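Q: So that we are looking at the same thing, I have put the structure below in structure tokens.
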Amino acid sequence: MWLKVGGLLRGTGGQLGQTVGWPCGALGPGPHRWGPCGGSWAQKFYQDGPGRGLGEEDIRRAREARPRKTPRPQLSDRSRERKVPASRISRLANFGGLAVGLGLGVLAEMAKKSMPGGRLQSEGGSGLDSSPFLSEANAERIVQTLCTVRGAALKVGQMLSIQDNSFISPQLQHIFERVRQSADFMPRWQMLRVLEEELGRDWQAKVASLEEVPFAAASIGQVHQGLLRDGTEVAVKIQYPGIAQSIQSDVQNLLAVLKMSAALPAGLFAEQSLQALQQELAWECDYRREAACAQNFRQLLANDPFFRVPAVVKELCTTRVLGMELAGGVPLDQCQGLSQDLRNQICFQLLTLCLRELFEFRFMQTDPNWANFLYDASSHQVTLLDFGASREFGTEFTDHYIEVVKAAADGDRDCVLQKSRDLKFLTGFETKAFSDAHVEAVMILGEPFATQGPYDFGSGETARRIQDLIPVLLRHRLCPPPEETYALHRKLAGAFLACAHLRAHIACRDLFQDTYHRYWASRQPDAATAGSLPTKGDSWVDPS
């Protein structure tokens, strides 16, 4: 768990790292309270103080500062049209070719450095030449292979791109950062084949137009701008062929190649975390399930003045094609230039949403990529995207988890240890070294909720402090953590990371204490949980 959390506390862009579409529209005249609840859940936090409420003057300045025109969506300059290898054999051939190429690259690099005048690159360079395996030539081989095969392998690469460079080697982090920014897109004939297989030969009757070149290309699919016959602008996500059938082999092939470099820390992908990752990837390949998740979130946040969820276009919804309203705004990593008050407000809303997802809805979108959160300055709203990794949490888990967070917020180390055992995070038979490291990790991550007054996310060294504990946590763990925590901690770490990136000051303790009291009040009697969602093997329920 803390291995994943410690590595995630670093900048990330996300799989759709481009501006998308048009402004969402203003909320209308008059004063507004910018809260994710629009009701009693956290109403008192919108009144005053850093990270709480904005006055009319703040909102006026934000609207005056908005761009005159929302930028048109566009692909990365590095993206190119390239056929997706759809069969397992063709995908394996790409990984085999990569392994051979990397080996030859190592020999060439070692030969070059053994010649007179050959030496490791200085500190001022790119840093890639400091490892023969991760030379510039080999880096290019890895980038090209992952951008060609796409799918689960590229998804893992994008996940590793957000690791702290003290967590994996800086050279490898640099490679995966390039991977994140330059996914390729499939050629027209391959895209049309998927559309015909999913929507039928008459698919064009469902739309007035569909741009042939996508405006975003990600690990699992690419997104095209379209227009319905009623004039509604839509984003149509089309899945690459063969991706869903190659998840397990892709992950194993990529990790086998990377282990050649010894660049990944031992234990980074334990068996249990690999199983959880593969399950999440299978969910993300089921666009019908994603449509149901998006509809669920749209209903849960229907009255929310700050967050919006685009509507699903059900006539463009199949297992490998998903149509939704075209959304507008810029990813969170492009919001650093906003005023401190606006950055505080955005991050306050993100943290509030995380707490609501876990402890009110018990249903969370677990992908923390910044491109899944588009901020529109014209309306002071954030649009939520990409619901493929959404999942539910049972009350037994949340009952224990909220007590672990409460113990950390209260600074009670003994209680953290006991509640972690109640959560089945620990067995009770761990070594003292492991127990101490676990408690310390919980206390570090609980600091925002333990701090009186606004917590300065921009001043911490959370990633480095967690990193120092990882060797002990890997060496002495007796049992895998609860399955729910893999995705949950990735999302929470991503939210903390966004707050750090935007240098937010937020009164987190008051926010959590209110959440805690409302959670237990809602459990007497039991509050209804979010509706059941289709999982692998379940029948599809129309999201409408």
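Any Cβ shown, glycine's included, is placed from N, Cα and C.
So Swiss-Prot lists the following for this protein:
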{"type": "REGION", "residues": "45-86", "note": "region 'Disordered'"}
{"type": "COMPBIAS", "residues": "54-67", "note": "compositional bias 'Basic and acidic residues'"}
{"type": "COMPBIAS", "residues": "75-84", "note": "compositional bias 'Basic and acidic residues'"}
{"type": "TRANSMEM", "residues": "92-108", "note": "transmembrane segment"}
{"type": "MOTIF", "residues": "155-158", "note": "motif 'KxGQ motif'"}
{"type": "DOMAIN", "residues": "191-423", "note": "domain 'Protein kinase'"}
{"type": "MOTIF", "residues": "216-219", "note": "motif 'AAAS motif'"}
{"type": "BINDING", "residues": "S219, K237, M324, E325, L326, A327, N372, D386", "note": "ATP binding site"}
{"type": "ACT_SITE", "residues": "D367", "note": "active site, proton acceptor"}
Q: Would you give the longest CA-CA distance, in whole angstrom, between residues of S219, K237, M324, E325, L326, A327, N372, D386, the set recorded as binding ATP?
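A: So the binding residues stretch over 21 Å, Cα to Cα.
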Q: Can you count helix, strand and coil residues in the motif 'AAAS motif' (216-219) using DSSP?
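A: DSSP classes over the motif 'AAAS motif' (216-219) add up to 0 helix, 2 strand, 2 coil.
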Q: Three-state secondary structure of M324 (ATP binding site) from DSSP?
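A: For M324 (ATP binding site) - judged by DSSP and reduced to three states - the answer is strand.
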Q: When DSSP states are folded down to helix, strand and coil, where does N372 (ATP binding site) land?
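A: DSSP assigns N372 (ATP binding site) to helix.
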Q: Quick one: give me the count of other CB atoms within 10 A of the CB of K237 (ATP binding site).
A: 24
Q: Could you state the whole-number distance in Å separating the C-alpha atoms of M324 (ATP binding site) and D367 (active site, proton acceptor)?
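A: Counting only the Cα atoms, the answer is 18 Å.
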Q: Here the binding-site residues are S219, N372; which one has the lowest number of other Cβ atoms no more than 10 Å from its Cβ?
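A: Candidates: the binding-site residues S219, N372. Fewest Cβ atoms within 10 Å: N372.
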Q: Tell me the Cα distance separating D367 (active site, proton acceptor) from E325 (ATP binding site), rounded to the nearest angstrom.
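A: That comes out at 20 Å between the alpha carbons.
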Q: Please report the DSSP secondary structure of K237 (ATP binding site), reduced to three states.
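A: Looking at the DSSP assignment, K237 (ATP binding site) belongs to a strand.
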Q: Cα distance, D367 (active site, proton acceptor) to A327 (ATP binding site), nearest Å?
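A: Checking the Cα atoms of A327 (ATP binding site) and D367 (active site, proton acceptor) gives a distance of 18 Å.
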Q: Under DSSP, is D386 (ATP binding site) part of a helix or a strand, or is it coil?
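A: The three-state answer is coil.
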Q: Can you tell me the CA-to-CA distance separating D386 (ATP binding site) and D367 (active site, proton acceptor), as a whole number of Å?
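A: Rounded to the nearest whole number, the Cα-Cα distance is 8 Å.
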Q: List only the single closest residue to the residue listed as 'active site, proton acceptor', chosen from the binding-site residues S219, K237, L326 by CA-CA distance.
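A: That would be S219, the closest of S219, K237, L326 to the residue listed as 'active site, proton acceptor'.
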Q: Taking 10 A as the limit, how many CB atoms besides its own sit near the CB of A327 (ATP binding site)?
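A: Around the Cβ of A327 (ATP binding site), 21 other Cβ atoms lie within 10 Å.
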Q: Please state whether DSSP places the residue listed as 'active site, proton acceptor' in a helix, a strand or coil.
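A: Assignment for the residue listed as 'active site, proton acceptor' reads coil.
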Q: Counting every protein chain present, what is the number of Cβ atoms, excluding its own, within 10 Å of the Cβ of E325 (ATP binding site)?
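A: Other Cβ atoms within 10 Å of E325 (ATP binding site): 20.
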